[in-house]
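Record features (TrEMBL):
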| type | residues | note |
| --- | --- | --- |
| SIGNAL | 1-22 | signal peptide |
| TRANSMEM | 53-73 | transmembrane segment |
| TRANSMEM | 85-107 | transmembrane segment |
| TRANSMEM | 119-139 | transmembrane segment |
| TRANSMEM | 160-184 | transmembrane segment |
| TRANSMEM | 190-211 | transmembrane segment |
| TRANSMEM | 223-242 | transmembrane segment |
| TRANSMEM | 275-293 | transmembrane segment |
| TRANSMEM | 354-376 | transmembrane segment |
| TRANSMEM | 396-418 | transmembrane segment |
């Protein structure tokens, strides 16, 4: 239900940033001008569209999740009074969310509010990106640890490890070669050449570190599977960043401006901008929602604190990321009723942290706000131009790429830097 609330507000934000929807409403809604004046939204409802409206709606949604995050701190049982509020009263919560989003439009001194809220949104958006990257590193380590545990009993898992590792590195190398072919040229494109070279070198460096003897002596489960996952993600972020960079233009022999450093066929792919934007936006926010939901499991929340399950408790599975945690199988109370199996495992508290659950959605609200409004290019932002290149989007993706490499590298060298401390990765 919380995810549905999040999706609903996200759709409203996309509609508010769409000039196409605004023009269609003006054309097809009778008495549109009178209705706008009646609700005091301006002559043509200009107060309900644009980046400022998105900031206000996301302010209401962020406050909603932040208040619930404070309200659910230290809940240790799903049978407590506060837990019942967390798990029910959906209609009342929907009214509360709508009231908070609407109330943001009545905040006095709008200019000061928007300027201050922009920096809060940027900080929360960066933190949400960091959580996504930490969870990716946790996913890579969990995958390798799970399948390595299976290799101790069946050689089949060794074969699967080798096959998947080969596929991951093949994809990463192919992506690197294709970007070098299509995003660079003999003259110019210096940004692209340097960044492709740097990120490719980083992938090679972390791969060598992962299998180095000093790392292997402290972390026997470290291997090329994790670095293959990281390398693929780094190549994806590099491609995404290069695609988000504003196009470079030069004068040809006829003194005509031509675009360089982008694939020649990319313009044909973007002819139907509405289709591309709709599909890309759906995929993007699907990934955001997935990050919100997966980051609230017990294993992931413990991973954010540097706590990982030991290899002895691992049972190798092909779909390991969709299965319950290893410690959830022991001595748990199972009750069947109404055709469902209800598992009560609250020896360590609730099955997941309610406060952390809402806090992740709070950060996701800020991330959506900044993404939909093109981060620091908010004044010219439109949902139809969602994938138009901007320097702020380019550098955010590129820095995310380097932070991801740093986080993975730290999980490798941390036991060497702090030998007296135990690291379970």
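Cβ atoms are placed via backbone N, Cα and C, with glycine included.
Bear in mind that the values here come from a model prediction, so they are computed numbers and not experimental data.
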Contact call for the transmembrane segment (396-418) and the transmembrane segment (160-184): at least 3 Cβ pairs under 8 Å, seq gap 6+: no
Cβ contacts the transmembrane segment (160-184)/the transmembrane segment (85-107), at least three under 8 Å, sequence gap 6 or more: no
Residues from the same chain, set at least six apart from the ends of the transmembrane segment (190-211), whose C-beta lies under 8 A from its own: 172, 176, 179-180, 183-184, 222-224, 226-228, 230-231, 234-235, 238, 241-242, 245, 261, 398, 401-402, 405, 408-409, 412-413
Closest-packing stretch to the transmembrane segment (119-139), where packing means Cβ pairs under 8 Å, from 53-73, 223-242, 354-376: 354-376
